[in-house]
Structures are given as C-alpha cells and as structure tokens.
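S.K.: Below are the structure tokens for one structure; questions will follow.
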Amino acid sequence: MSRHFFLFLSKNKALNKSAKKWGLRLGAAKVVAGVTIDEVMQSIQQLNEQGLKATIDHLGEFVTEREEAENAGSACLDILEAIKRNNIDSHVSVKLTKLGLDISRELCMENMRSILDVAKTNGNFINIDMEDYAHYHETLDILLELRQKYDNVGTVMQSYLRSGLDDLDPLQGIPLRIVKGAYQEDAAVAYQDKEDIDANFLCMVEKHLRNGGHTAIATHDHTIIEAVQTFTRENNIPTEQFEFQMLYGFRQELQHQLADEGYTFRTYVPFGQDWYGYFMRRLAERPQNIVFAVRGMISK
Ligand code: FAD
C-alpha cells in the first residue's frame, strides 16, 4: 500500500465522518493521546514529568460549517484554560481550516484573535500548523497580519516546497517549526525526492538559525537531527534558540535521549475525535505503522 493510497484515504469525507463514531480504533490510540481534554492533560503531565514539553493539537481540519468553526475556537480557549489550571508545560497548535478559514477569513481571524488574547494573558504560545498548498499563502499572510499585534504566534514551514527557503525572508525573527511536509503536492511546487526535501530542510533550518529566529526542528529523522546538532555546535548557536520536536507515540526513546542530552524537546500531542485524517497521513509517511494499526484492529 503506497503513500498516495493513504493520502487519498485521508481526504475521504465519509470515512472521516464514520471514524468519529468509532473511538480510537485501527491503532490510532498509539499516536493520539485520547479523546477528551482530561485524557490529553494526563498524557502531558506524564511527558512533563519525564522532562518533555508539549504542544497540543485538538484534531480536525477543513471545517465547512460556521458552528463547527466557532466550537473549535471555544475548544482552544478551554484547552488554554486547562493548561493553566493543571499547570502543565504546553503550547497549542492550531489549524486555520479548523478555525473557519474555508468559510471566511474574518471568522478565522476572530477565532485567532480570541485565542491569542487568552494565550497572551496566560503567557502561552500558539503555533499555526501548515496545511496543504492551497492554504499556504493565505496562512503566511494571516500570520504576518497577526504578528503586527501578537508576538506569541508562529507557524510551520515545509521543506518539500521549492519556494520554502526564499519564503523565509519575510519571516525573520518569527518562531518557526521546520518540517518536511505531510500533504500530496504537485511536482511544480514541491520536491518529490527525499534527497531534495532533506537538503532543503537543512538549508531552511540553518538560514532561520543564522537569522536569529527561534527554530523548532520537527522530524523523526536521526540523520537530520545529527546534522543540526553538528551545525549548532560548530556555529555556537545557543541552545535556547532551538528545540527538537516529534509526534506523540513516535521514536519515544530518541525523544527522551535528546531531552536527557540537555536539548529542549517538545512532543506534538494530538487528541480528539477527529483523528482519521491525521492518522492516515501518519500511515502514508511510514508503512511500518501499519503493523500496529492491524494489531489495533484485531484487538478491538
Ligand atoms: P521521514 O522522511 O518520514 O523519515 C526519515 C527517516 O527517519 C526514515 O527513513 C527512518 O530512518 C527514520 N524514521 C522516521 N520515523 C521513524 C520511526 N517512527 N521510527 C524509527 N525511525 C524513523 N507537516 C505539515 O505539513 N504541517 C505541519 O504543521 C506539521 N507539523 C508537524 C509537527 C511535528 C512536531 C512533526 C514531527 C511533524 C509535523 N509534520 C507537519 C509532519 C512532517 O511534515 C512529516 O510529514 C513527518 O514528520 C515525517 O517526516 P520525518 O521528518 O519525520 O521523516
């Protein structure tokens, strides 16, 4: 089964709808930290106790109903409140299409402003996940508009995009997470070969670090992690200027190893009923994940 097949499945609206009723099936519980806020708080408390910071993602994307987008905004406020109440060390990651971007930019901006106001009061940080290329330029545009008022917001840049390196220019000084990119994009805009994507990843990390911007290196790829460790050491980049990030449930040993070596490490912790698209993208990335998906199916 190929990457394209799972990326195709990830967009299937009927399966996505049914999956919400299934609970965390197909092995999703290995990579999704529960369905409720209480469950995700418990998972993060455990991570914090082990020296790992977190960023919470309330799963869901490509929302087309106004009410759903408004509920998503309120859910983010509840999450910020729960982080404060439970005194846990976690940022929040959001997707603009969950907050109504496909319905209207104004609705999405209203949601973002409410979230950022509360986050600022609580001393928290909001990261805007990068979605597919159809939303890329508008996401960057919204980020720049929000940055005029808020300094507690950043975004994600994808190294599979051919323009990724140049697109860093207007983002100097803004906290960025660098990733390879999780969506299926046309060869006209995105590199298709791992070698090109990896090389661009390193160039983007080095450029943003050299420009003084806080950089999150978000990958499970040990070769890239080692290259970044060498670069930061040789160029005297202070450890406060960067951090490593990985997804919940992936390479836990390496997550702890990096934290034990003294690097800031942040786990991306997704939760919620809307796990289907996220889970399919993880299957697309790494076919080995199918093994625990099948085990999950059998044990149900
Ligand atoms: P891959 O290219 O998948 O793997 C490279 C190599 O690493 C493999 O060949 C293998 O040797 C090793 N490896 C990888 N996984 C494992 C494993 N589980 N066990 C053992 N070895 C392994 N994408 C977006 O488009 N937008 C986002 O906003 C976004 N946010 C993200 C946030 C975080 C914290 C992370 C970690 C990823 C995010 N992604 C996002 C997903 C990202 O774009 C990639 O799709 C995903 O991380 C897979 O690429 P990779 O860098 O981990 O390396």
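Each residue's number is its place along the chain shown, starting with 1.
Even glycines carry a Cβ here, placed using N, Cα and C.
Bear in mind that TrEMBL entries carry predicted annotations, made automatically and left uncurated.
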S.K.: Which one of Met112, Met130 goes with Gln158, Lys180, Gly181, Ala182, Lys194, Thr219, His220 at the FAD site, as TrEMBL has it?
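M.R.: Same FAD site in TrEMBL: Met130.
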S.K.: Taking Cα atoms as reference points, rank the binding-site residues Ala182, Thr219, His220 by distance from Arg282 (substrate binding site) and give the first.
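M.R.: In terms of Cα distance, Arg282 (substrate binding site) lies closest to Ala182.
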S.K.: What does DSSP say about Lys180 (FAD binding site): helix, strand or coil?
M.R.: coil
S.K.: On a C-alpha basis, identify the one among Gln158, Gly181, Ala182, Lys194, Thr219 that is nearest to Arg281 (substrate binding site); the candidates are the binding-site residues.
M.R.: Ala182
S.K.: What is the average pLDDT across the domain 'Proline dehydrogenase' (41-288)?
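M.R.: Across the residues of the domain 'Proline dehydrogenase' (41-288) the model's pLDDT averages 96 on the 0 to 100 scale.
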S.K.: Using all protein chains in view, find how many other C-beta atoms are within 10 Å of the C-beta of Arg281 (substrate binding site).
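M.R.: Here the count is 17.
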S.K.: Just the binding-site residues from Lys95, Gly181, Arg281, Arg282 whose C-beta lies under 6 Å from any atom of ligand 1, please, or none if there are none.
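M.R.: Once distances to ligand 1 are taken from each Cβ, Gly181 fall under 6 Å.
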